[in-house]
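Residues or ranges marked as domain 'PUM-HD' in TrEMBL: 1-328. According to TrEMBL, the repeat 'Pumilio' annotation covers 12-47, 48-83, 84-120, 121-156, 157-192, 193-228, 229-264, 265-302.
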Amino acid sequence: ETNRFANIRLEDMQGDMFGLCKDQHGCRFLQRKLEEGDPAHRDMIFAEIYPHFGELMTDAFGNYLSQKLLEYSSDEQRDLLIESISGELVSISLNMHGTRAVQKMIDFLSTQRQVQSLIVALNLNVVTLIKDLNGNHVIQKCLNHLPPDDNQFIYNAVSTNCIEVATHRHGCCVLQRCIDHASESQRIQLVTEITYNSLTLVQDPFGNYVVQYVLDLNDSRFIEAIVRQFLGNVCALSMQKFSSNVVEKCIRVSDPAGRQALVEELSGRQRLERLLRDSFANYVVQTALDYSDPAQRAHLVDNIKPILPMIRNTPYGKRIQSKIQREGMDSLRSGGTGFHPTLVSGGYFLTPSHISAPTPPHHIQPIIDSRSSFLGNNPGNPAPSARSVTSKFPVHQLTSPTTLQPNGFSTPWSTSTLTSLVPHAYASIGMGLGRENQAAT
């Protein structure tokens with residue numbers, strides 16, 4: 001069967017090439033003719049294949065010839081091929097054979113005209129492609145191969161649909177690749193949305209990985225912004241399977257001030273008793289013991305010790321007791337930090353030690369929640385309406401994810417008030433998290 005094309009000339013197959021494309025051996029014959037590099041043969045194959053190019057891209061055998069034709073075509077021929085399938089490109093990308101052909105097409109884009117044809121074809125269906133088993137590879141190929149500016153249509157779509165993408169099996173992976181390949185402004189655009197929605201994302205089996213990925217960037221601006229979103233809900237998050245991992249990571253990577261604020265919410269004796277009995281939260285407490293400064297660790301130990309007799313026979317209690325004994329916590333009581341939280345209305349608000357002015361009620365303006373305060377005056381980046389953030393962590397009840405609201409505070413402060421109270425932390429975040437290029441193209 002293989003040898004039936006051994007002595008056949010391409011000229012002898014004129015008029016039959018489309019049929020050959022769908023035959024395993026005929027397809028290989030045509031590929032070999034393209035590889036020979038004869039422009040006349042290339043033009044003959046192009047002339048017969050061009051009207052059927054979209055159909056061939058989804059064929060089990062024809063897709064290999066379509067890839068080869070894209071590789072060996074001239075720029076002008078490639079322009080025509082890509083424009084001919086523009087209206088079908090999304091459906092081709094969703095096909096198990098077509099996705100490979102489209103990825104190869106992206107590899108061989110050689111003119112800006114071809115790039116623009118691709119962008120126009122995919123622009124309105126980015127999220128659909130991201131969530132598809134085959135289509136997500138096309139978006140990832142764009143991220144890998146195209147420069148950031150040409151990929152802006154992807155960043156606009158993902159930012160607008162952050163939760164839908166981040167909480168999807170394939171979407172969470174694509175979102176991480178978006179972060180990898182982003183320009184600085186695009187990374188800020190994405191992280192702003194991820195942080196704004198972090199309370200929802202950390203409670204999701206896929207979304208929590210996206211938040212952890214941002215924390216792993218080890219950028220203090222992003223870490224502090226995420227930590228502030230969690231304040232007021234740290235205990236509730238610690239008692240959930242997915243979000244507890246994120247709380248642990250926050251404790252590990254935060255600066256001393258952020259870590260102190262997180263651990264402070266865990267330190268109450270009544271809360272500790274429930275946290276230590278919980279199958280997820282006990283690990284958060286152990287991490288807090290490992291990473292707290294000496295003074296805060298000693299305070300934790302003081303509150304844990306009265307609880308130990310009640311949990312001594314549980315696996316969690318044994319681990320906690322062993323950790324306390326092993327680390328010799330009593331010897332660390334003399335440690336101290338230069339940063340102390342001020343207790344206000346049952347919660348903690350971080351203030352630099354030199355601030356002596358009376359502290360306002362227990363409300364903190366979310367750093368990324370109130371976008372208009374430092375996201376610039378770009379007309380394409382309108383600030384959203386104010387959100388009501390009222391819930392607080394209920395010691396007696398673990399609620400559904402939708403109960404948790406950003407920061408758990410009821411009334412946001414004005415930007416000027418926040419700036420005056422936390423000048424250094426606010427300035428370091430505000431300077432770097434400007435929102436750019438948000439409007440969808």
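Cβ atoms here come from the backbone N, Cα and C positions, even for glycine.
In TrEMBL, annotation is done automatically, which means it is predicted and not curated.
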Using DSSP, break the repeat 'Pumilio' (157-192) down into helix, strand and coil residues and give each count.
29 helix, 0 strand, 7 coil
By Cβ distance under 8 Å, which residues at least 6 away from the ends of the repeat 'Pumilio' (121-156) in the same chain are close to it?
85-87, 89-90, 93-96, 98-99, 102-103, 106-107, 109, 115, 164-165, 168, 170-171, 173-174, 177-178, 180-183, 186, 189-190, 437-441
Mean pLDDT for the repeat 'Pumilio' (193-228), as a whole number?
98
